[in-house]
Amino acid sequence: MENIEALREEVLGEVGKAADLQALEDVRISALGKKGRITGLMKNLGQMDPDQRREFGQTLNAVKDTVAEAIETRKASLEDAALNARLIGERIDVTLPARADETAGRIHPISQTMDEIVSIFGEMGFALAEGPDVEDDFHNFTALNIPPEHPAREMQDTFYLPEQEDGSRLVLRTHTSPVQIRTMQSKTPPIRIIAPGRTYRSDSDMTHTPMFHQVEGLVIDKKTHMGHLKGCLLEFVKTYFELDDVPVRYRPSFFPFTEPSAEMDIGCSRKGGELKIGEGDDWLEILGCGMVHPRVLAACGLDPDEYQGFAFGMGIERIAMLKYGIPDLRTFFDTDLRWLKHYGFVPLDVPNMVRG
Ligand code: PHE
């Protein structure tokens, strides 16, 4: 009996000292395994008389249970410790700054240019407006006073979606001008909006991509006139091109949705094949504009005798190319990372007259 007590203490001591799961397993085998010390004592039972055997057997079983339980407890705590050690060892330090060269993204020149335009007109009190890329005939054409026979409506110029049940077809908007319509339908003047976005035409060559970007401006109230149009656009080109002064001229033009209509040119020089904006005696066309046609106002439910205003629209790629010296339109959409690294902008690091 004394031996059993001593053996129990000895084994429990070893269990407590087992430093890892392997050491604990060794203790288990040496005590409870087939040839283990406690198992060995079981074999003595056969030589004892019945009373002795009962008492000895009970004690031995109790010792076996105690030891087995101690081993289980120790095992659980060693496993916990092992897991914690792994968690600490394999922890990823998410606070480490990224390696600048590998992960720094760039802002695409289109996004950059849109931001600049929106913030320049934002300073003048224009609100940002948006419309859907997939338009209906009314917003893209009819309400803009574009007649049924107009070439912009031709299948070869416009991307049409399959016919709907009522026979009409949705279109990928061919310009941002439908945002004018949506705005005048949903808001009462005074209106001042600037609306950049994607536009689509069935065109693909050196200077045309099927998807491109435009920005639309619209001002409607009771007294806005062509002088305001000229003032706003002059302010815009000066700020955008970062010039104290730019010669501008308005050439009479035609759009179904404006009357009168004009094309705005800015002064430039092309000496030696190099384009310089703001100097010289050459001209560069940059946008279309005019006073909103009375029929367009009426189509939106506004009384043309009460309200008037101006609109303009310009291609974003074109003015981005002019400002940032990007020679080829198609490269905008090639998704070439080397191009983006060269022409793109580092976020939060784009000093200009708008952002300081
Ligand atoms: N929507 C015209 C275009 O795509 C541009 C424009 C907009 C002209 C607004 C006048 C007024 O060419």
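Including glycine, each Cβ sits where the backbone N, Cα and C put it.
Curation plays no part in TrEMBL annotations; they are all automatic predictions.
The Mg(2+) binding site annotation in TrEMBL covers E259. Counting only same-chain residues at least 6 apart in sequence, those with a Cβ under 8 Å from the Cβ of E259 (Mg(2+) binding site) are G290, M291, H293, P294.
Residues annotated as domain 'Aminoacyl-transfer RNA synthetases class-II family profile' in TrEMBL: 117-347.
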PLDDT averaged over the residues of the domain 'Aminoacyl-transfer RNA synthetases class-II family profile' (117-347): 95
